[in-house]
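> Below is the structure I would like to discuss, written out as structure tokens.
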Amino acid sequence: MTNIHNHKILILDFGSQYTQLIARRVREIGVYCELWAWDVTEQQIREFAPTGIILSGSPESTTEENSPRAPEYVFNASVPVLGICYGMQTMAMQLGGLTETSDHREFGYASVSLENSTALFANLNDNSTASEPKLDVWMSHGDKVTRLPENFKVTGTTPTCPIAAMSDENRRFYGVQFHPEVTHTKKGLELLTNFVVNICGCETKWTAENIIEDAVARIKEQVGDDEVILGLSGGVDSSVVALLLHRAIGKNLHCVFVDNGLLRLHEGDQVMEMFGDKFGLNITRVDAESRFLGELAGVSDPEAKRKIIGKVFVDVFDDESKKLTNVKWLAQGTIYPDVIESAASKTGKAHVIKSHHNVGGLPDYMKLGLVEPLRELFKDEVRKIGLALGLPAEMINRHPFPGPGLGVRVLGEVKKEYCDLLRRADAIFIEELRNSGWYEKTSQAFSVFLPVKSVGVMGDGRKYDWVISLRAVETIDFMTAHWAHLPYDLLGKVSNRIINEVNGISRVVYDISGKPPATIEWE
């Protein structure tokens, strides 16, 4: 079997907003990598045995006395090192160079003139002339290196940053003041490929097929002939976990699908058809709508609703697990960003917006071993694996759906009547987005039920019914988002269909708030 972890890159995180993007680019190249906080020990690095090390950017300044530094062992480990932005600055300082606060802060596009050949820039240029090859890059820095460490040479320069890139070819140390991991740097992926493949010598074994083979083998080794239980929601993560486990242990996997009454139109039936009928999984559907809605009755606070939905899910799941007396393992769809954020919340090294339900979400009394086949994977990698396992593209590429479901898209108190109206309105919106080709152009689109009534006119009569808000956004990372400029005729068609086809809705509005200041979800 292919050893997909044989060659690996260690990325030390100094707090940059782009650090996870570095890891995703390295994985995209086909090489395994892990992202660790900057203050790791020499022993931890030795045990990980990286083939190369990347130092990330940071919002900190190297000119500040207590700003973070790379462990000294990084530069004594006899492996190539690439410093990006702050990573280049701390490399320079720690090896005897000098950094200063720049008179001209650089944020945005820049053109770096390349000089003195370096393996890092081999066969790279964007707008070269015979005398001066250049790279179009993305800068984001306020400090700069003003004196090189011994044995380094300048390999890139801009008018305001004379040392925009540097290298020590003998020790294979490289620094770039720009960000190769962002798409704005046109040749960024090629530059990282030069470092990871050509300089570090990593083989590109991190592929969907190899990851599946490795995951199946590890599951078999971990659980043997034991039985495993999985809460299958129909979302991408739990679906991929289910298929990996099914491939590894077959009928020893017990999937529990909790139908909480807060799902999209016909979603419960679709989950059963997909995983029960098509893939032949051992799956139990639990109709818990009345239990969830009963607990939510009279509750309007969003955070309280989230906690109730989470608690009831655990209770229902626990009731089902007790019926399976031979189960020894619990499978979860934890993915790598969950692990990173959970670790950060414990160490205080990063600001975490929300805790994830997949990390440590079940009570201590459920004394089962944990199986987490996706723990090393980013979301885009999970999708690729899902496609390779046979999940339909329409399902894999579906827009995100919140864990509490319609519980946080019905504003205020959640009632069955409201959920039923919202389900039908949302189905019309998504159907028209797909028919018009706009579903793929938006990152997330959904409907929200507003608990206010509005006067409308139907025929010769007046009606006093509920309001639906439509929401569609475009985003790269969901940290910021722009409202999608959907065509007026499309919005008009959706509005007319909802008001005419969903009895109980009298008005449809479109949310044109960006993030920030608004969040993507209303609750």
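Every residue, even glycine, has its Cβ placed from backbone N, Cα and C.
What you see is a predicted model, and the numbers here were worked out from it, not measured in a lab.
Pasting the feature list from Swiss-Prot:
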- 8-205: domain 'Glutamine amidotransferase type-1' (DOMAIN)
- CYS85: active site, nucleophile (ACT_SITE)
- HIS179: active site (ACT_SITE)
- GLU181: active site (ACT_SITE)
- 206-398: domain 'GMPS ATP-PPase' (DOMAIN)
- SER233, GLY234, GLY235, VAL236, ASP237, SER238, SER239: ATP binding site (BINDING)
> Counting distance between Cα atoms, which of the active-site residues CYS85, HIS179, GLU181 is nearest GLY234 (ATP binding site)?
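Result for GLY234 (ATP binding site): the nearest of the active-site residues is GLU181.
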> Please identify, among the recorded positions CYS85, SER233, GLY235, VAL236, SER238, the one with the smallest Cα-Cα distance to GLU181 (active site).
CYS85
> Inside 8 A of the center formed by the CB atoms of SER233, GLY234, GLY235, VAL236, ASP237, SER238, SER239, which other residues of the chain have their CB, for the recorded ATP site?
LEU232, VAL240, VAL241, ALA242, GLY333
> What mean pLDDT does the predicted model reach across the domain 'GMPS ATP-PPase' (206-398)?
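So the average pLDDT across the domain 'GMPS ATP-PPase' (206-398) works out to 89.
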> Want to know which recorded positions, from CYS85, GLY235, VAL236, SER238, SER239, are within 10 Å of HIS179 (active site) at Cα; which are they?
CYS85
> Does anything in the same chain, at least 6 positions from SER233 (ATP binding site), have a Cβ under 8 Å from its Cβ, and if so what?
PHE257, VAL258, VAL271
> Can you grab the distance from SER239 (ATP binding site) over to CYS85 (active site, nucleophile)? Cα atoms, rounded to a whole Å.
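Counting only the Cα atoms, the answer is 38 Å.
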> Of all the recorded positions given, GLU181, ASP237, which has the fewest Cβ neighbours within 10 Å once its own Cβ is left out?
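Among the recorded positions GLU181, ASP237, the lowest count of other Cβ atoms within 10 Å belongs to ASP237.
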> Rounded to a whole number, how many Å is the Cα of VAL236 (ATP binding site) away from the Cα of the residue listed as 'active site, nucleophile'?
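Between the alpha carbons of VAL236 (ATP binding site) and the residue listed as 'active site, nucleophile' there are 35 Å.
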> Between ASP237 (ATP binding site) and CYS85 (active site, nucleophile), how far is it from one CA atom to the other, in Å?
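Rounded to the nearest whole number, the Cα-Cα distance is 33 Å.
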> Can you check what DSSP calls CYS85 (active site, nucleophile), collapsed to helix, strand or coil?
coil
